[in-house]
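Participant: Checked TrEMBL, it gives:
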type     : residues                                                                                      : note
DOMAIN   : 5-147                                                                                         : domain 'Lactate/malate dehydrogenase N-terminal'
BINDING  : Gly10, Ala11, Ser12, Gly13, Gly14, Ile15, Gly16, Asp36, Asn96, Ile119, Ser120, Asn121, Met230 : NAD(+) binding site
BINDING  : Arg83, Arg89, Asn121, Arg155                                                                  : substrate binding site
DOMAIN   : 149-312                                                                                       : domain 'Lactate/malate dehydrogenase C-terminal'
ACT_SITE : His179                                                                                        : active site, proton acceptor
Amino acid sequence: QNNAKVAVLGASGGIGQPLSLLLKNSPLVSRLSLYDIAHTPGVAADLSHIETRATVKGFLGPEQLPECLKGCDVVVIPAGVPRKPGMTRDDLFNTNASIVATLTTACAKHCPEAMICIISNPVNSTIPITSEVFKKHGVYNPNRIFGVTTLDIVRANTFVAELKGLDPARVSVPVIGGHAGKTIIPLISQCTPKVDFPQDQLEKLTGRIQEAGTEVVKAKAGAGSATLSMAYAGARFVFSLVDAMNGKEGVIECSFVRSEETESPYFSTPLLLGKNGIEKNLGIGKITPFEEKMVAEAMSELKASIKKGEDFAKNFK
């Protein structure tokens, strides 16, 4: 079953290159199609020398995009501009919204059945854009469109493990809501193994998880945003998805998707993944008053970002 055909759109970029390397390294992937508007032949040639069985092909520019997408099972989209110091994810909107709308239009036409995994920020808006594009082409399936929020989970696991002296590989913190600032809601109360923090430390930890992206943007001092950790998180999500598509049972990942779990039309919660994408939305579960308050406070920002994406898609030609 390990024959996943995966396309990376934006494969030459800061996330795209390390993400493509991780995908090439996986026995789950049989074909890797790399697309970008520059440098893809070089990236593809370089990766093609690696002694794993995935065949790699590079595609350059819009005229080669249809061929890149044909027959793909999974499409991962990290394309777009990165954040610079002082920028919010929302500041990326105008540039990245157009890029995502253009790329997902090609997906709707050339691989309408594929699983679509969006990394391009602001995810809180680019997922609604993707949905609207697929609706416009009459091929919308909400169970196959994912906003990749896995980096928030990866960071939460790492930071909790650091504070508690645990092995990070064994820590699992669900992170719900969205993928920007206060819409990122780590459910420390549902962490396995169970951990306890005094309220002041809990608030500080939560704030660090919410602003961890900015921590990296500042540290890189204008040279980009989180690319290596994002590539790791993107690959982790794709591998979980492919495992589930191959019939592995009990695969659970959080992702920002079309949702009925709250008053927000899109919301990230733990999802049981299966052969056709989302098998079951596992919902929010039992949360503390502190976490309930965060959910309530995230709503207006989430809904505004979603509406902004939907409005953009309606007017996109």
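Note: Cβ is positioned from N, Cα and C throughout, glycine not excepted.
Curation plays no part in TrEMBL annotations; they are all automatic predictions.
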Participant: Please work out the helix, strand and coil residue numbers for the domain 'Lactate/malate dehydrogenase N-terminal' (5-147) from the DSSP assignment.
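Facilitator: When I sort the residues of the domain 'Lactate/malate dehydrogenase N-terminal' (5-147) into the three classes, I find 65 helix, 30 strand, 48 coil.
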Participant: Any idea of the Cα spread of the NAD(+) site, Gly10, Ala11, Ser12, Gly13, Gly14, Ile15, Gly16, Asp36, Asn96, Ile119, Ser120, Asn121, Met230, as a max distance in Å?
Facilitator: 18
Participant: Over the domain 'Lactate/malate dehydrogenase N-terminal' (5-147), work out the mean pLDDT and round it to an integer.
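Facilitator: Over the domain 'Lactate/malate dehydrogenase N-terminal' (5-147), the predicted model scores a mean pLDDT of 97.
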Participant: Please report the Cα separation of Ser120 (NAD(+) binding site) and Arg89 (substrate binding site) in Å, rounded to an integer.
Facilitator: 10
Participant: Provide, as an integer number of angstrom, the distance between the C-alpha atoms of Gly16 (NAD(+) binding site) and Asn121 (substrate binding site).
Facilitator: 14
Participant: Consider the recorded positions Arg83, Arg89, Asn121, Arg155, His179 and say which one has the Cα lying nearest the Cα of Asn96 (NAD(+) binding site).
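Facilitator: Checked the recorded positions Arg83, Arg89, Asn121, Arg155, His179; minimum Cα distance to Asn96 (NAD(+) binding site) goes to Asn121.
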Participant: If you count the C-beta atoms lying within 10 Å of each candidate's C-beta, which of the binding-site residues Gly10, Gly14, Gly16 ends up with the smallest number?
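Facilitator: Output over binding-site residues Gly10, Gly14, Gly16: least Cβ neighbours within 10 Å is Gly14.
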Participant: What is the biggest Cα to Cα gap, in Å, among Arg83, Arg89, Asn121, Arg155, the residues listed as binding substrate?
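Facilitator: In whole numbers, the farthest two Cα atoms are 18 Å apart.
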Participant: For substrate, what surrounds Arg83, Arg89, Asn121, Arg155 with a Cβ no more than 8 Å from their Cβ centroid?
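Facilitator: These residues sit around the substrate site: Pro122, His179, Ala180, Gly213, Thr214, Val217, Ser225, Ala226.
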Participant: Roughly how many Å lie between the Cα atoms of Arg155 (substrate binding site) and Met230 (NAD(+) binding site), rounded to a whole value?
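Facilitator: The separation of the Cα atoms works out to 10 Å.
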Participant: Using CB atoms and a 10 A radius, I'd like the single residue among the recorded positions Arg83, Arg89, Arg155, His179 with the highest neighbour count.
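Facilitator: In terms of Cβ crowding, the pick is His179.
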Participant: Consider the binding-site residues Gly10, Ser12, Arg83, Asn121, Met230 and say which one has the Cα lying nearest the Cα of His179 (active site, proton acceptor).
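Facilitator: Out of the listed candidates, the nearest Cα belongs to Asn121.
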Participant: Whole-number answer please: how many Å between the C-alpha atoms of Arg89 (substrate binding site) and Gly10 (NAD(+) binding site)?
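Facilitator: If we compare the Cα positions of Arg89 (substrate binding site) and Gly10 (NAD(+) binding site), the gap is 18 Å.
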